[in-house]
């Protein structure tokens, strides 16, 4: 193991990030009452250009007037390649309430993108005397973003989370698909006349998880576009959780329960993790570094694996 200790990710639930357009204030109350851990009010793709100033005002007003409870309140600003982003940051932090927790930066391609937002946020916080330190989440949505993923993950101490934006990522990569997440029809191997589908997002997700875990950031899976396909959403979420991601976006309210289900350890998983920890405690007391649990080897690494599940359960109060 390296002498450099791997920093822990923020100790907060991020199982589901529910998105809603800033141009639709009528849904804000319902979002606040949802079971999502994170609320993402959007100023970017879901808001038409002419509606962006009003959407900004809607979010600012909602930050003052809506009871967001224990939700982590995040706002996705416009991309740094647009004329809207700086005004998003300035108005949100000068006029918005202290209830805003996070700014989400889309289409991040390099560390300099994060530096730019961080510098502006820092200046406004100082000028306005804001008490709460704003955190950042970035979205990897391009070939450049995935190529520079580790430097992006290390770009700012404000950075708490990183998501994969599948649709724009696919477009940037030139992928032959119009799907948003999930299995793609033509991405398969053929063996003995039988198709075996693979996951075209796997390598990008794995790169994001590795960069995030190296720098103490929460890795999050992005959207699943077909909100009529519950099993497809669940399958994608299960793959992401197995890789080490902590949560997933919901672009429809019905996806919130699915995400929470997948990213909350089951009672059986928690019970097994606790049994492994107990078995290893017994082994250590007997001077052994490993033992057998249900017919399989468990050792010091198994302790770390089990502790991940137990920590997740404790945060979710399972």
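Any Cβ shown, glycine's included, is placed from N, Cα and C.
Neighbour density for residue 76 (substrate binding site): within 10 A of its CB lie 25 other CB atoms from the protein chains shown. Residue 76 (substrate binding site) falls within a strand when secondary structure is assigned with DSSP. Under the heading substrate binding site, Swiss-Prot lists 19, 24, 30, 76, 167, 168, 251, 252.
Cβ neighbour count for residue 141 (Mg(2+) binding site) (all protein chains, 10 Å cutoff from its Cβ): 24. What Swiss-Prot lists as Mg(2+) binding site is 141, 168.
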Cβ neighbour count within 10 Å of residue 168 (substrate binding site):
20
Which one, from the binding-site residues 24, 30, has the smallest tally of other C-beta atoms lying within 10 Å of its C-beta?
30
Please work out the number of neighbouring Cβ atoms within 10 Å of the Cβ of residue 19 (substrate binding site), leaving out its own Cβ.
23
Specify the count of other C-beta atoms within 10 Å of the C-beta of residue 251 (substrate binding site).
20
Measure from the CA atom of residue 141 (Mg(2+) binding site) to the CA atom of residue 30 (substrate binding site) and give the result in Å, rounded to a whole number.
28
